Ligand SMILES: O=C1C[C@@](O)(C(=O)O)C[C@@H](O)[C@@H]1O
């Protein structure tokens with residue numbers, strides 16, 4: 001199936017953020033396959049002003065700017081003041097700003113500049129239910145979207161994470177760190193995570209899928225894709241009209 005058809009699948013509920021770690025990726029033809037873009041400014045050393053402006057004119061979806069601290073898996077070791085100096089020049093070309101708790105003091109000025117704030121936290125462990133509840137409330141206190149990436153250590157941890165995602169009362173992006181439970185990345189979107197992250201040329205975090213891999217996963221895992229030969233009849237992908245009723249009737253007839 002062509003990548004255009006994959007993205008155009010109206011049933012798709014797994015939305016993809018392509019995380020970009022170099023201006024060369026801004027020029028990739030795969031850019032258009034993402035639902036949103038993330039510019040990982042902490043991983044980029046060269047000036048990006050002109051390239052980001054060009055990207056803005058080409059890409060129709062939301063553009064996020066992120067400076068990930070070294071404590072949370074990124075490359076930025078500076079403080080809040082220099083963070084603002086790095087982000088401010090690009091505000092006219094982006095829609096959302098990813099802010100960790102340590103940089104929460106910048107949240108209000110970002111909102112004043114009409115930018116959505118993704119309030120994020122990344123941990124290489126699996127917090128308890130109470131810790132996750134407190135973390136969600138803290139992130140929601142300054143962000144428009146809560147974003148948490150944690151590392152399940154068992155199937156029970158993953159089941160907890162899926163439930164926490166499904167029960168979250170706020171807009172949320174939930175992800176996993178590490179590679180052990182990487183398959184949960186797209187599945188978390190089926191439980192309410194607004195996006196999943198992937199890469200175009202090089203990973204910005206261990207365990208990410210490429211955009212091509214994630215596109216196919218997004219199509220195949222979205223409930224709208226049904227067995228093409230249910231009851232011996234071809235069912236067009238994405239057409240669930242009547243499928244559930246027919247399935248129940250079919251089961252009753254057995
Ligand atoms: O926080 C996230 C999620 C991420 O770490 C991942 O695991 O895909 C990738 C980061 O670029 C992004 O800011």
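Every residue gets a Cβ built from N, Cα and C, even glycine.
Pulled from TrEMBL:
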type: BINDING; residues: 19, 38, 39, 40, 68, 185, 204, 208; note: 3-dehydroquinate binding site
type: ACT_SITE; residues: 122; note: active site, proton donor/acceptor
type: ACT_SITE; residues: 147; note: active site, schiff-base intermediate with substrate
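Counted within 10 Å of its Cβ, the other Cβ atoms near residue 147 (active site, schiff-base intermediate with substrate) come to 26, all protein chains included. Under DSSP, residue 39 (3-dehydroquinate binding site) is assigned to a strand (E or B) in the three-state scheme. Closeness to ligand 1 is met by 19, 40, 208, these being the binding-site residues among 19, 39, 40, 208 whose Cβ falls under 6 Å from the molecule. When the recorded positions 19, 38, 39, 40, 122, 185 are screened for a C-alpha within 10 angstroms of the C-alpha of the residue listed as 'active site, schiff-base intermediate with substrate', the residues that qualify, in sequence order, are 122. It is 10 Å from the Cα atom of residue 68 (3-dehydroquinate binding site) to that of residue 122 (active site, proton donor/acceptor).
The least crowded of the recorded positions 68, 122, 185, judged by other CB atoms within 10 A of its own CB, is 122. A 10 Å cutoff on Cβ-Cβ distances gives residue 40 (3-dehydroquinate binding site) a total of 23 other Cβ atoms nearby, all chains included. Each of the binding-site residues 19, 38, 39, 208 was scored by the other Cβ atoms within 10 Å of its Cβ; the lowest score goes to 208.
Each residue contributes its Cα atom, and for residue 19 (3-dehydroquinate binding site) and residue 122 (active site, proton donor/acceptor) those atoms are 16 Å apart. Reported as a whole number, the C-alpha separation between residue 185 (3-dehydroquinate binding site) and residue 122 (active site, proton donor/acceptor) equals 14 Å. Around the Cβ of residue 204 (3-dehydroquinate binding site), the same chain contributes 19, 20, 21, 38, 40, 43, 197, each under 8 angstroms and 6 or more positions distant in sequence. Distance between Cα atoms for the residue listed as 'active site, proton donor/acceptor' and residue 208 (3-dehydroquinate binding site): 15 Å, as a whole number.
Site extent for 3-dehydroquinate: the farthest pair of Cα atoms among 19, 38, 39, 40, 68, 185, 204, 208 sits 19 Å apart.
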